[in-house]
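Undergrad: Reproduced below are the annotations present in Swiss-Prot:
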type	residues	note
REGION	1-61	region 'Disordered'
COMPBIAS	1-14	compositional bias 'Basic residues'
COMPBIAS	21-30	compositional bias 'Polar residues'
REPEAT	111-146	repeat 'Pumilio 1'
REPEAT	147-185	repeat 'Pumilio 2'
REPEAT	209-247	repeat 'Pumilio 3'
REPEAT	393-429	repeat 'Pumilio 5'
REGION	501-526	region 'Disordered'
COMPBIAS	501-513	compositional bias 'Basic and acidic residues'
REPEAT	595-630	repeat 'Pumilio 6'
REGION	665-719	region 'Disordered'
COMPBIAS	666-686	compositional bias 'Polar residues'
REGION	737-796	region 'Disordered'
Amino acid sequence: MPRENRKRGKKHKKPKEEESFGQQAHQEQQYFEPEQPVENGEPSWIRPAPRDQDDFNPEAPFGYVDQDVKAYFRTVDVQIRDWQENAVDDGNEDNDPNEEKRLFFVAALNEMREKEKQLATDPDCSVILERMAHSMDDFVRRVFVDSLAGSFEILAKHRFASHVVQTLFVIARETIARETRGFFPKMEGQEDSGELRTLTQLTLDICEELLPNLSSLVLDPFASHVLRALFLLLSPNTAAEEDNILRSKKSSAWKAKQGSMKSLFADNKGKQKEDTRRSVPAEFTNMSRRFIQELRTNLSGNEVRAMAASKVASPTLKVLLGVEAELGLSDEPESLLDHVTMGVISHTHSGSTTLPEASDFVGTLLRDPASSHLLEAIVSRCPESSFGTLWQLYFKGTLARLAAHPVANFVVAKAIERASVEQLQDIASELEGTWNKNIRTSRTGVLRAFIERSAVLNAMEKETKQAVQSAFGVESADANLIHCILTVLTLEDYKAYKAEATSKPKAQRDGNQRHRRGNQQDSDPLAFKTQGSILLQALLKLPEPQINFVLEALQQVPVEDKIKICHDPSASRVYDAFLENANIPSKAKRQWIMELIGHYHELVDDRIGSRVADRCWAFCDTYLKEKIARSLFKYESQLAGSFYGKFFVRNLNLHLLQRRPEEWRNMQSQKKIQAEQAQARNQRSSKPAPAAVNGTPGAESDATAPAKPAKRKRAKADNEIEELFDATLGRKIKKAALGDGIGATSENKETPKPEKAKKKDKSSGEDPSLAAVFGAIKAAPKHDDSNPKKKKKKRT
């Protein structure tokens, strides 16, 4: 299918041939039907011009894009994607690498002028506008949003333009955050064009435009996700999982096929996790309050509950409940939360001691695949007093059935995350005989939430251990417990599958082992599963008295199985949690690392295993590091040829350990101290420094990102020999070196030259460590070239 005919979104079913043929015949019959004579005194051959019954075209409400313009923007899209995917640094510092991109982008913006609405509603160009929006600076974003002003209701309901508006709301957060701090771009030569509103004011005007028809927009299949992005813009602290809220799985999969959506001018390499808590203007909080009050006024309780049951409106209502809780309006009668929970908030404020009657509507939400996400937000956001009522009405007494339900078990797990000690006791008593059934159906969420909540409250030590042993059918803390948890199998099933795998021919077992990491993981019942890894990581978060049975089981695992666990992408995270948890005694960690000595050459010869080995190396002290390094002497050449092991061996610096062990120990001790200091600096929270705003595209894209440590070249002081030279002779940088020429010149000027008369006295105050280094240099052979140059024979 040609690209211009492709459309994004849900496809409509084609009408049957008979119906289309009948409609076509009917239209032809209407077209050739003789017209009635006009009774206006004019001749019969004078006919009035045909009038269009409906001039508004919902597919192109602002007109179609010219084919030449569309072809031009296809070229723009191809060029932008090529620059993003094949970024090449020419290495010329004299030329601006973004100059060509900037000129190209400005030309595309000029071509887009006065065609913004047509391009936004076009099936092909809407995606191109989304890609270009990420590269716009603050000023261009304001101009682009201002060009769409007055038509946002139509655009929000449009199949393609709604995605453009949603993208604008997402990228507007950075600009609004800068405007809140008082940073505005310079507008040169724009005095005659009138006053351009700030993006903050434009957002408020958009809200005023959408506010009268809010009730209908929430139920619109295209405008609902636009409202979600708008609510998250007005109240950014509402939800952390913004991507899951804004897009469905189908939309996210389609978006991933469109390539990278990032700024063309910003370097996002090494970008840290974005801070979700931003400062917003006070007007945004008031506007959020107006949205909540508008829905409360115009919607009845039945209409709110209809939204909760709708696949389109339920995700938007989930965001609205988060905004309502953020504003502190949830704990009020007739609130949105009160309507969805069938008056639980009103009953709490009435002061009645008797429980209200349980509602079948809430019970339906528990088991509905779409609405259960809304109920998860309710049990997480509702006030503490209302949560107790919800627990008594809908969870207590029915936990065994809900935990086994394929949908309701997720809501139960979310409710357990805020349960009290008394409620945990109810869970342990009700699910005492059903843990094993949940494991057989691979539903581990309730057990994981129970373990994590027990760790937070530091309670239910005996019940937690009994729940784990009952779930997997393991009586003692041995290696089978770890294998059963990682494979999410009961002990009976694990032994049966293991016996079946042992009876197979060796060639077939080797084939299954090779494919274990691929898509055939589900076909192998003994493969490690992500659910089991997460469950075991939750067990490792328990306090020390409760975690002892897990540590005993980990110690019983054979070394060969430990290597397999370290080589698995999901199961290896267990040992990451094991080394990072401060509640686990250091003695247990050292014992686990010592057991791997003699097998590190197998561990590091793998993509995942080398990462685990780096974790172990970072935890070890100098004594353990030396034992690990000496165990790899005979495997040095083997690991040097390994694709993954060579990096680990290079970090060990085995040559220095063989020649000068004491110097190697000092170097490792110093690296350990530097790593601890760097970790302490990273843990200190620092406020992000505001970046200067200029008029270049993409200059402000990372201004609101959290403060990151400046990327520095690896300091030469890491090498002890360089340190000794710097401490004794001072740092001397040649003019041809790749350093700061100004700094090098100043240092050379400040460093006094030693006098020749004091040359003899210098040896008396010489650093002994430096003398040892000079002695080693003198003792080294002068001709140590591996490939000495051959002398040319003279012609005779």
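Glycine is treated like the rest: Cβ placed from N, Cα and C.
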Undergrad: Counting by DSSP, what is the helix, strand and coil composition of the compositional bias 'Polar residues' (666-686)?
TA: 18 helix, 0 strand, 3 coil
Undergrad: Within the repeat 'Pumilio 5' (393-429), count helix residues (DSSP H, G, I), strand residues (E, B) and coil residues, in that order.
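TA: Tallying H, G and I as helix, E and B as strand, the rest coil: 27 helix, 0 strand, 10 coil.
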Undergrad: Summarise the model confidence on the repeat 'Pumilio 1' (111-146) as a single mean pLDDT, whole number.
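TA: Taking every residue in the repeat 'Pumilio 1' (111-146) and averaging pLDDT yields 91.
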